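Chemist: If you scroll down you'll find the structure; I have some questions about it.
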Amino acid sequence: MTVQLRVYVPPHPLIKHWLAVARDAATPSVLFRSAITELGRWLTYEAAREWLPTEETTVQTPLEICPATVINPQVPVAVVPILRAGLGLLEGAQTVLPLASIYHLGLVRNEETLEASCYLNKLPEKFDPQTRVLITDPMLATGGSIMKAMSELTERGVDPSLVRIVSVVAAPPALQKLNAAYSGLIVYTATIDETVNDQGFIVPGLGDAGDRIFGT
């Protein structure tokens, strides 16, 4: 039986708070950047559940030896920010995954076709098949960028079931495309909005995340 895409909207008050700050058109760039960083932190924390590789061991407490669970250092963990807006979530994600390798992927969207093309690719030629990959992309709108990113990753040996996507706002077109192409994929997002307009922006959304992060 095919496992469908799973989308989680964590009911965490800090996620809700920082989403409200990010949505507000009056939020200045410096505060918007902080909001996206915090969303990256808390959404990555949620995404790491039952995803980070662990192993059983023992530790010596001041009193006696006891069983313990630790992160398995032998299994690679990678974060792939989709440039440029994905960089906004990266700092928060790194506070949760400080030892993860960072592989930048630069994608640009054709404003007429809404299709994505790659202008920067720092992915390795091949990933270890056990690699856990976290993709950061604030807006999952039409699905062009995230589908291109998934294509680049799976071509290099990444198992879609070991991928976690962290976004701030997701919309049905992107989620439907992911569901049709990749079984077992899991998305963590602060909210799901219903509409994408003719320009490919999520409505109500939060505007152009990249422009607001970088003040351009």
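Just so it is clear, glycine is given a Cβ too, placed from its N, Cα and C backbone atoms.
Pulled these features from Swiss-Prot for this protein:
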{"type": "BINDING", "residues": "Arg84, Arg109, Asp137, Pro138, Met139, Leu140, Ala141, Thr142, Gly143, Gly144, Ser145, Asp208", "note": "5-phospho-alpha-D-ribose 1-diphosphate binding site"}
{"type": "BINDING", "residues": "Ile202, Gly207, Asp208, Ala209", "note": "uracil binding site"}
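Thinking about packing and proximity, how do these listed features fit into the structure?
Modeler: Taking the Cβ of Asp208 (uracil binding site) as reference, residues of its chain lying under 8 Å away and at least six apart in sequence are, in sequence order, Phe201.
Other Cβ atoms within 10 Å of the Cβ of Gly207 (uracil binding site), summed over all protein chains shown, number 16. DSSP assigns Gly207 (uracil binding site) to coil in the three-state reduction, placing it in neither a helix nor a strand.
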Chemist: Using DSSP and three states only, what is Ser145 (5-phospho-alpha-D-ribose 1-diphosphate binding site)?
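Modeler: Its secondary structure by DSSP: helix.
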Chemist: If you compare CA-to-CA distances from Gly207 (uracil binding site) to each of the binding-site residues Arg84, Ala141, Gly143, Ser145, which comes out shortest?
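Modeler: Smallest Cα separation from Gly207 (uracil binding site) among Arg84, Ala141, Gly143, Ser145: Ala141.
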Chemist: If one looks at the chain holding Gly143 (5-phospho-alpha-D-ribose 1-diphosphate binding site), which residues at least 6 apart in sequence have a CB under 8 angstroms from its CB?
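Modeler: When sequence neighbours closer than 6 are ignored, Gly143 (5-phospho-alpha-D-ribose 1-diphosphate binding site) has Pro173, Ala174, Leu175, Gln176, Lys177, Leu178 within Cβ distance under 8 Å.
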Chemist: Please report how many Å separate the Cα atom of Arg84 (5-phospho-alpha-D-ribose 1-diphosphate binding site) from that of Ala209 (uracil binding site), as a whole number.
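Modeler: One finds 9 Å between the Cα atoms of these residues.
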Chemist: Cβ within 8 angstroms of the Cβ centroid of Ile202, Gly207, Asp208, Ala209: which residues besides those meet this for the uracil site?
Modeler: Ala85, Pro138, Met139, Val169, Phe201, Gly205, Leu206, Gly210, Asp211, Arg212
Chemist: Between Ser145 (5-phospho-alpha-D-ribose 1-diphosphate binding site) and Ala209 (uracil binding site), what is the CA-CA distance rounded to a whole number of Å?
Modeler: 14
